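Notes to accompany the following structure.
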Amino acid sequence: MSPTTGPLPDNKKLAEEQIAMKKLDSITPGEIVELDATETFLRHHNFTNEYIGELLTDTELNKKLIRKIKNFPVWKAVFMTCGGMMVVWGFVLLFFLPDSIMSARHFTLEEWALLIGRGRLARTGVLNKTIKWNQIREAFIDPQVWLLVLFMLLNETINGGIANFGKLIIKGVVKDPLETVALGIPMGAFQVMYILSGTFLASRVKNCRTIIMVVYLIPTIIGVCLLWKLDRENHKIGVLFGYYIIGAFVCSLVLAMQMPASNLGGYTKRITASAMMVVAIMLRVLLSRRNARRDAAAAAVGTNNEDASEVDGADLTDFENPHFRYVL
């Protein structure tokens, strides 16, 4: 039970939901590679259509529309619908999307030469399927790469909670299901505004991308503070305002994901850096699931994390100690 939002989904359904979402989210590295191979570095950060479509899709609204399906869990229907569309589109890309500009067949000779020239404008290297170990080593010792990995890891701290449990925040303010749906719609509109405005500024103002990434985290910090400190009963408008502005971090996420494609030379190095960033996101998901699983096991036997006197001082690994909790 959450003190501010009411009862939470049971652990089994939550775990199934997370697994399904992360399987579908595995397309992200492919998007980065494809964008890197076809666009100039000045335009890498300006392609955000995949995020806009996702943000405008309201899960609660979909649940209302699919609720007429009898004898079938509503939450499964939502993910089967959206996930099924993604799988179908994936097969379309599998057969019709070329691996690189060099293998594209449906362009004229003039268009093909133009696309190759656009790729060379980035001066970051061309597609090369040969693994160059010196570039992998350079990626691991480059401070820029590790700063991006840390940025992505910390950015996902807020992303996971808001993406999965945002509607529970609204349910803590209003009780009517229809009002919950209506009040959740502006969140997507706000995030679209953040992405479009941030990427527009990044494309128009020279050498300001990292500054924009930091500036767009300020509304998120303010929104978190409002949700943390405001009373749900007496400051409903303030709570909703905090919820709406908290999504500004998405713009920083979009810009950060395209930084390797713009600022790193060498195909192997860019791919290695992108993989490290994706691993940083998955690391937080993994540790969160482990903590949730251990909390559920402790609750089932009627213990808590403070009842650890029997293992105090013992030299146990995090796998061996059931009272161990990961710091996120």
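Backbone N, Cα and C define each Cβ position, glycine as well.
The transmembrane segment annotation in TrEMBL covers 74-97, 145-166, 178-197, 209-228, 240-259, 271-287.
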Best-contacting stretch, by C-beta pairs under 8 Å, relative to the transmembrane segment (271-287) and drawn from 178-197, 209-228, 240-259: 240-259
Tertiary contacts of the transmembrane segment (240-259) (same chain, 6+ residues out, Cβ under 8 Å): 28, 32, 35, 44-45, 48, 51, 55, 148, 151-152, 155, 158-159, 162, 166, 169-170, 173, 183, 186-187, 190-191, 194-195, 197-199, 202, 209, 212-214, 216-220, 222-227, 230, 274, 277
